[in-house]
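Engineer: Okay, so TrEMBL annotates it like this:
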BINDING   121, 125, 205  Zn(2+) binding site
ACT_SITE  122  active site
TRANSMEM  527-552  transmembrane segment
């Protein structure tokens, strides 16, 4: 439009306003939209006015979450996908859309920490970890003096592309103990055939080996090992749009202190975090939960890592497991033979712990050795043992507090105990038991948390039934009564297929009220107590609720002319194959 109303809106497209990604549309409610005026060519007064919505107070970001089966959900086993759909005048995302593909999110396959990882991974993409947003980052010397980056990435001597935003480089240097000026965040290698000659291509994921276990790598081996790391948070801080609370980062073990050459081929076997996949090496996995086997992460990198090996888990075959005592993988040398072993551990401080060897507690200081008789224990570094509680606590469904929940200890018959001693699949036994409990109490399995199976002079299972925090007192009372009745009138019979293996589906656990008897210490169930706990689904509390506090306010809501995402064809998605692959 020219004349007195130049650069103003002259026509209004009929229909609603959409937040759209990957051919997936969400209608933005009118209450979230700003005022819009339509002018003609002659009058300075608008001929049509769309009133502003009420907006949301004290918020600056909208995340629209939907669950639809779309064409994208059927491609490459995609579990979820998301991207931003609106930017403000500073190029900051102010609205995004996240679609959770329904096939992968059912009660039967529900895993709280997997939900959390999927959602947080996609939200990181929406907030800034995106190839489309790197050029829009703001490098600020003051609150008023900001500019877009002159240089985004550099390729190191090993062929790895690294993002070199200042805040990110500082975080990388501190973690890996490297002073090189352009030691930035390593990106996944770009492998798409459509790359145009001379055009710079980046990816929206960290390098899967060099940033192993980070929330923003394209592969997840085990959900329990994934962390929201300080380096990923540093990338969000590098956008210039956010003030990041780094105390919320989870402890990132991998590669810590390994220097500038970490991950180079010639140093594969020199690092305690890496190994050569062509050799049958065994060592502790990154969190010391299992005795890991060396395996490749990506075919284009020569180094591998010690992957979690559930067949040799230190957590599932515990002889002792309480809040005070845990069992971890530790490297032990005896008679010139060095090998990983599962030992009972007890934390004294963050850098001092004790191990139980031959019925004797041995004190161990981080990164040193301890000896008893002819056995040498190689003490893990700080954070490998005693700081792992931080990670598990951050993602725990319940914690001690003011609300009510039910703590239960369930005892198994001696026959079951003897079969468990001969079994190598205790983890699935525990899972199937919890599924059966949930089914018979007619509640979601995610109500059952903090479960620990102990097989030592008998077999018993400790767990907490922790309902949502918004459950009324009457509903909670009914649940407690139902649980008490269930424990009094039921007995569990686990049907084993053979000496070393057994069925793990919930149908193999039979509830037979008519066979209820007076239970001894090692049979049936025992109600311990009704105890105060805080019950909150961490996924909702930490991932959805905390992010929805960032809903866009009216004054920050961009007008309909704001910049759209320039290319949805590469918006980010989460896909699963045998290694739970994340794709962008």
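Keep in mind that glycine also has a Cβ here, set from the backbone N, Cα and C atoms.
Tell me about the surroundings of these features in the structure.
Structural biologist: In the three-state DSSP reading, residue 121 (Zn(2+) binding site) counts as helix. Here the Cβ of residue 121 (Zn(2+) binding site) has 28 other Cβ atoms within 10 Å, regardless of which shown protein chain they belong to.
Cβ neighbours within 10 Å of residue 122 (active site), excluding its own Cβ and spanning all shown chains: 29.
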Engineer: State which of the following binding-site residues has the fewest other Cβ atoms within 10 Å around its Cβ: 125, 205.
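Structural biologist: Minimum Cβ neighbour count within 10 Å, taken over the binding-site residues 125, 205, occurs at 205.
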